[in-house]
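Worksheet for the structure shown next.
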Amino acid sequence: MTDVSAAAGGATAEPPTATMSPTSVEPLTNGAKKSAMATTTETQTAAAAAAATTTPAATTTVTVTAAATTEASTSNQVKLARVENVLGSTSTSSPANETKPKSLPDGGNASVAPASSSSNSISTQTLIQSQSQPHAKTNKSTTVASQQDVDEVARLFEEKPEAFEKWLTERAPPEALSRLHEFIESRKPPKRPSVTSDLFQQWMASSPTVQQKSPGRSLSNSSASSLPECRRHLMDLDEGELFMELIRDVANELDIDVLCHKILVNVGLLTHADRGSLFLAKGTANNKYLVAKLFDVTQKTALKDAVTRASTEEIIIPFGIGIAGMVAQTKQMINIKEAYKDARFNCEIDLKTGYKTNAILCMPICNYEGDIIGVAQIINKTNGCMEFDEHDVEIFRRYLTFCGIGIQNAQLFEMSVQEYRRNQILLNLARSIFEEQNNLECLVTKIMTEARELLKCERCSVFLVDLDCCEASHLEKIIEKPNQLEQRPSRAIKSADSFEEKKLRNRFTVLFELGGEYQAANVSRPSISELSHSTLAQIAQFVATTGQTVNICDVNEWVREHNHQIRTESEIDSTQAILCMPIVNAQKTVIGVAQLINKANGVPFTESDASIFEAFAIFCGLGIHNTQMYENACKLMAKQKVALECLSYHATANQDQTEKLTQDVVAEAESYNLYSFTFTDFDLVDDDTCRAVLRMFMQCNLVSQFQIPYDVLCRWVLSVRKNYRPVKYHNWRHALNVAQTMFAMLKTGKMERFMTDLEILGLLVACLCHDLDHRGTNNAFQTKTESPLAILYTTSTMEHHHFDQCVMILNSEGNNIFQALSPEDYRSVMKTVESAILSTDLAMYFKKRNAFLELVENGEFDWQGEEKKDLLCGMMMTACDVSAIAKPWEVQHRVAKLVADEFFDQGDLEKLQLNTQPVAMMDRERKDELPKMQVGFIDVICLPLYRVLCDTFPWITPLYEGTLENRRNWQDLAEKVEMGLTWIDHDTIDKPVEEFAGCADEDIKDIEFTVQTLNCNQQSQETDAHTTPEHHRSGSRLSMKKTGALGKAVRSKLSKTLYNSMDGSKPKTSLKLLESHVSEDMDDKSPTSPSQPHGGSVGRMSASSSTSSAGTVVDKTKKRSKLCALL
């Protein structure tokens, strides 16, 4: 006989084959046979294996054939076989007395027949039983594993843990794994069935609207069938162990019903009491009472029965009434030996149940702060004693100390669960506010249903106040901003009058009533008579008037206190408690009243109920307010549609004008000078402007290309002209000039080669509509005044409005010039129009300019990409919008005055409405700075734009050249302003610029410059001539800047005269002007006497007449030195 362990431990060079003869195998005992039959394994074959032969009945041959070629693999195979042997994985023979080959982890194959050896064979069941029950006697027919086998298994696990794990997962028999699992579980400490550690997770996982109690498992765990075993186990413990075991039993219990039941059962075990009751403290600080959580619970009473009985027959005991009430009030224990002899004992319960109460032990349950949270009461001893002794009292007191902690924890847990459910309900209500915003009845019904279910009340009502919800007044209340400077008169009146006034104002118009669980909500509109005869309506009226929350425990008493009359006795008889709360909107205005009537258990509403109900009232107010706002918004939208229809009708040109324009003969483009960059509209009448627009459309071949009906085009042009306001600059003629410049750029400037026909159509439409309904004010003014346009459009305010007006005209009947376009072309052209109109905002120009300059600097010549085309169109729109700066000087000068007048009008509005100082270009008092500001505008915006366009597209050079010419004119005008020679002396900018007459052709020597020419000789008539120096007068009358320096032109002329006189040559200009300047300056430095003429030297003062007299005449040399310093 070859032993498996010996083969595993032997050192052989080749894989051995061990054959066990039938005579060398000991016969299996019946127990071993049964064990082997119970541990059959399914073998797996990886390759061809040696066939296993079996002998009849009681003989089994074990053949081990190794496929590995190394000693280590052979050893591992045998070790794994040893593991199988130790864990009982021997397989029984098949019905054909054959065994299937089994693959080992190391690659070997083994044919194993069910064999057992007295030295190394053991079943898994025997091993587990021997380890789990060390003191039990083993079966004589089983063999215990030797220490060597255990060491071999441990060594294999240490050397090959991965192989061991693989064997367990892949080849271990299910029976062995099951026994191993049972063995592991038996080594763990027993799990306490009373502690529901996963209770909170089950609460959270359950539906908050359906699951209201802890899972039913808590009730079934304490069933009567398991009590006898528990009781026998506890009876075997001594008193200390029993006490600690019962404390552990309630320590971690979170279900308040289960906890109270365990407390009463455990107290009965500790004190041998027959039955017990547990009361929990409820109510407010001024109205405390006890509620029987569980009543008359014995050790055999099931939890489910106890809870059902307590819920159906709720017992309420006020503090100070009865034995339990007295204990709760005094916090003192009461031990009664004979209950019927105590006056505080109520024998009615005994009479109902037939039970006789002898001894009573009643003790308070306090929390860690010493406040009463409950009262426990036990009745009658069961061990033959007639009373509870001091030992029972001490045990009862000590146990209730721990129970107080458990009860408070359970109550906190219950509060957290209730808060969780409350939050879930409020989230659902928040969703409902948006889901049901168009149906007030459904929304209020859903809120009332949730409130009724959560707060356990019989009925719920909502009264809605008759509010002034008309659209106009409602919007006025929202938009109206109180003026801080406005002082409103005091409206102090008597409180009684104020109450009556509010009462009349807060009249209910809608009543929502929700009854029992299966009753539908009732919506009614009660009359004034019905409201006056309803006590509930009177209470609601009181709450709506005062804005206070009312929690009524006794309706009759409240009615008497507030001097109300009880009109309906049946209504009062069915009402015990009312919780009434106002519903307010976002403006803190009472819009309704919510009522809860009667708690389901008959107790008053608590502060906790009021707190929860407040959240419902808030959500109800939000829902009602949101629904009313939604209804008002829908009405306003309907009104807006009607207004748009009216506006569209009045914005459309009338039929007579359309027919007249349709029949008119449109002249050629050359007659209107449309191809020229010097086009001007001053000579065109209004009808000619419309004909010029038609000619541009026809010259671009847009009418035939896009099949635009001619009458529709005429009507659209007239409608566009009609929708421009008669402001000074941003009017219809400005739109015509912008469109003509775009036409000239496309035709004369050859820009049409970069555009498609659809884009040309969009650009011309955008130019004509880019300032529709302009009000003569810019975007900044709209933002400052917070106009409706600024509220509607946050960026590019006026430009968005212009585009919307364009769309409105196109959508008007008979004005859609895009009607023949396909949907794709329509979207494309509308996108072009929108982008082009928005590009006229200079803020957009500055955003796009850098990107456009970068493309130009990189030598871009292909402008067909979408982004590049958008940049190009934006630059072209800006170039057309400011093209007046490139017109001939006569036209540019006149247009600039129109722009300035419009800007000055806006500045006046800012001073009047906003009480702010406008910027310089809009300040009428600084109109003399306009030429300088024009130069800045050209340098910052116009010249960079036209320069880059001219460099890229040389055919539009006239725009750049015209801008340069106008810049020179404005610069010259700005210099002359410094001399006081321009329009600043006029109230309006409508006179030509003052010039030096004949400066171009005549010799300067023939022109006599005087102080009067420089506006320095005019005397002030408004100030005291004796005390006011000349240099303190109006700056517009001086010839020098405020800094004392002369203008550039004046310095040039004066220096030329000075140099000619110094080198002895004949001066071309008289030095009278020089002497006047110097004399005036000298006079300014000395006080003016009454005898001297005001304003210094006046008249014709030559150089030869400057003789000294009485120290007042300055020498000619000194004058020239002073003049040089001045220059």
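Cβ coordinates are placed from backbone N, Cα and C, and glycine is handled just like the others.
Just one of H625, H650, H734 is listed by Swiss-Prot for the same divalent metal cation 1 site as H770, D771, D881, and that one is H734. Comparing the binding-site residues H734, H770 by how many other C-beta atoms lie within 10 angstroms of each C-beta, the top residue is H770.
Between the candidate binding-site residues, D771, D881, the densest Cβ environment within 10 Å is the one around D771. What surrounds the divalent metal cation 1 site, by Cβ distance within 8 Å of the Cβ centroid and not counting H734, H770, D771, D881, is the set H730, A735, V738, C767, H774, T840 from the same chain.
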